[in-house]
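For 3-93, the entry in Swiss-Prot reads domain '2Fe-2S ferredoxin-type', with the evidence type sequence analysis. Annotated [2Fe-2S] cluster binding site per Swiss-Prot: 39, 44, 47, 77, in sequence order.
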């Protein structure tokens, strides 16, 4: 399946199409959207975002705790879309 992923960045909103087997960070990069990242392995917080609506599968990540996930935080480098989804990017500072 292919879903619409909308990124709300400091520069504005941008939307990409993302297959359900592609990480949302990779889909953003392919579309020329510059998002923060570091490890690309789901084990740090550089790429953290927050899901505003919709759902992702981020079972590959190993950094966020259950409370952070419940609040909507997402590691874009290790998240697959499971529906149309809207994600606020550049949220690493809010994870403290």
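Positions of Cβ are set from backbone N, Cα and C atoms, glycine also.
Contacts of residue 44 ([2Fe-2S] cluster binding site) defined by a Cβ separation under 8 A and a same-chain sequence distance of 6+ are given as 38, 63, in order along the sequence. Here the binding-site residues are 39, 77, and the one ringed by the most other CB atoms within 10 angstroms is 77. Summary of the [2Fe-2S] cluster site environment: with the site residues 39, 44, 47, 77 set aside, the chain residues having Cβ atoms within 8 Å of the Cβ mean position are 37, 38, 40, 41, 42, 43, 45, 46, 63, 75, 78.
As a summary of secondary structure, the domain '2Fe-2S ferredoxin-type' (3-93) carries 17 helix, 32 strand, 42 coil according to DSSP.
Of all the Cβ atoms in the protein chains shown, 28 others lie within 10 Å of the Cβ of residue 47 ([2Fe-2S] cluster binding site). The predicted model assigns the domain '2Fe-2S ferredoxin-type' (3-93) a mean pLDDT of 98.
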